[in-house]
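Below is one structure, written out as structure tokens, with a few remarks after it.
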Amino acid sequence: MHLLFPILELLALAGTALSRVQEVHNVLELTGQKASREFSTDVANGKYTPPEEMDPQFWYKIADEEIAKRLALPQLNTDKAKNVIMFLGDGMPLATVTAARILKGQRQGKTGEESSLSFERFPYSGLSRTYCANAQVPDSACTATAYLC
């Protein structure tokens, strides 16, 4: 107990000294305003939408082209697979992937929705949902275990 007071006094002195340093209690850093100034998150403000994107036929045409491209791919080999490559995205629910895709497009000066991420162009893919037995929100340990079981 007799060591507690000198430690508290030392902490108080350190806190006083640190409070005089401008960067420690910079309001812009504490509120996140500094980050938003350096990494603009308002890239879609005043967003311009090309007139052709307002026409549903524009999107139907893109979908038809994508389907035709996929149908032109070599047909699936129905033999037993020798190897499988699993591309696991930790913390990548569909909403997060969509947001990343849109942000990527907007940072390229486009509207955002027309962009795609590299793994979205894989010729074949699937989705899997995993759960934890002991938690509402899963972490990497139980989700990786689910893939391996």
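Glycine is treated like the rest: Cβ placed from N, Cα and C.
The Cβ of S140 (active site, phosphoserine intermediate) has 10 neighbouring Cβ atoms from other residues within 10 Å, across all protein chains displayed. In the three-state DSSP scheme, S140 (active site, phosphoserine intermediate) falls into the helix class. Residues annotated as active site, phosphoserine intermediate in TrEMBL: S140.
Listed in sequence order, the residues of the same chain lying 6 or more apart from D90 (Mg(2+) binding site) and placing their CB within less than 8 Å of its CB are S140, T143. According to TrEMBL, the feature Mg(2+) binding site maps to D90.
Marked as Zn(2+) binding site by TrEMBL: D90.
The signal peptide annotation in TrEMBL covers 1-19.
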